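Feature list (source: Swiss-Prot):
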- 17, 68, 99, 160, 262, 263, 264: GTP binding site (BINDING)
- 24, 28, 31: [4Fe-4S] cluster 1 binding site (BINDING)
- 30, 72, 123, 194: S-adenosyl-L-methionine binding site (BINDING)
- 257, 260, 274: [4Fe-4S] cluster 2 binding site (BINDING)
- 8-234: domain 'Radical SAM core' (DOMAIN)
């Protein structure tokens with residue numbers, strides 16, 4: 001194996017977020033409020049299964065232990081199960097997860113697990129069906145809930161649920177969410193609303209700090225857990241009376257980036273060192289055949305020298321990210 005990916009600030013990178021499409025069939029207010037608009041990339045322009053196999057092989061050789069498949073909505077790809085299987089070929093990759101809107105969970109989750117999927121994150125921003133539809137533009141609440149149940153039935157011991165925290169939308173519904181996870185092994189992750197190029201007005205109206213929830217959880221006796229090296233950025237809390245857990249993702253905290261352990265590759269094969277940042281490093285010309293792996297690994301390693309110490313969000317810098325479907329959130 002080549003040397004472990006490490007940047008100039010001695011941060012080690014064990015986690016790859018790999019976008020496989022930017023297409024989504026939901027119209028979430030904080031991501032694609034006007035629905036998906038093609039950016040000139042056709043479905044044939046997204047990374048192929050073979051390209052995904054090569055890029056994940058290179059990252060595995062460089063110490064990656066976890067790959068998360070993102071979008072857009074990853075399950076809209078007809079070859080999604082094949083993609084999972086291709087990533088699974090790498091023995092060094094111990095965890096393969098997906099972030100999904102849950103649209104196809106009920107139908108396909110058992111097949112995904114058989115192909116090698118080990119983790120699921122489902123986006124659910126409200127437990128009220130009408131509010132869910134208002135946020136997502138889709139009347140699919142019951143379908144998504146059935147999908148979460150199907151994930152447990154398929155053998156997943158835990159399901160993570162992502163909830164974007166929004167003032168006057170769901171920030172006051174903590175008790176409802178806590179009741180939901182009391183007897184279910186769900187890690188409910190509240191994610192602070194992030195400002196993007198297309199979402200400034202929404203951010204000003206609905207942003208609220210996760211610190212408010214953290215203070216309330218601590219007041220109620222929830223206990224902060226230690227992170228593992230391939231975990232995402234969530235601060236996770238547990239409580240002896242609950243089967244579920246609470247996670248808080250607060251990107252506006254000053255030291256949020258100090259423990260960064262993840263890199264991103266977009267659906268068209270660009271390496272992004274940060275969700276909010278530069279235009280990306282093209283990898284696609286080195287994904288054409290298996291003989292290029294050494295050069296591919298060298299380019300990835302060299303790019304890491306340019307990774308900045310922080311995303312500067314706390315200094316009101318939103319980078320180039322127009323919306324969160326662009327490189328997989």
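Positions of Cβ are set from backbone N, Cα and C atoms, glycine also.
Fair warning: this is a prediction, and the values are worked out from it, not measured in the lab.
Overlay of Swiss-Prot feature records on the structure.
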| residue | record | DSSP class |
| --- | --- | --- |
| 30 | S-adenosyl-L-methionine binding site | coil |
| 68 | GTP binding site | strand |
| 123 | S-adenosyl-L-methionine binding site | strand |
| 160 | GTP binding site | strand |
| 194 | S-adenosyl-L-methionine binding site | coil |
| 257 | [4Fe-4S] cluster 2 binding site | helix |
| 262 | GTP binding site | strand |
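Here the Cβ of residue 30 (S-adenosyl-L-methionine binding site) has 24 other Cβ atoms within 10 Å, regardless of which shown protein chain they belong to. Residue density at residue 24 ([4Fe-4S] cluster 1 binding site): 22 other Cβ atoms are found within 10 A of its Cβ, drawing on all protein chains shown. Cα-Cα distance from residue 28 ([4Fe-4S] cluster 1 binding site) to residue 257 ([4Fe-4S] cluster 2 binding site): 26 Å (rounded to the nearest whole number). Within 10 Å of the C-beta atom of residue 264 (GTP binding site) sit 22 other C-beta atoms, taking all shown protein chains into account. Residue 99 (GTP binding site) sits 7 Å from residue 123 (S-adenosyl-L-methionine binding site), taking the CA atoms of both as reference points.
Under DSSP, residue 17 (GTP binding site) is assigned to a strand (E or B) in the three-state scheme. Residue 17 (GTP binding site) sits 16 Å from residue 123 (S-adenosyl-L-methionine binding site), taking the Cα positions as reference. Rounded to a whole number, the C-alpha distance linking residue 72 (S-adenosyl-L-methionine binding site) with residue 262 (GTP binding site) is 19 angstrom.
In the predicted model, residues of the domain 'Radical SAM core' (8-234) average a pLDDT of 93. Listed in sequence order, the binding-site residues from 30, 257, 274 having a Cα within 10 Å of the Cα of residue 263 (GTP binding site) are 274. Residue pair residue 260 ([4Fe-4S] cluster 2 binding site) / residue 68 (GTP binding site) shows a Cα separation of 15 Å. Comparing C-alpha positions, residue 68 (GTP binding site) sits nearest to 274 among the binding-site residues 194, 257, 274. DSSP gives residue 274 ([4Fe-4S] cluster 2 binding site) a coil state; it is part of no helix or strand.
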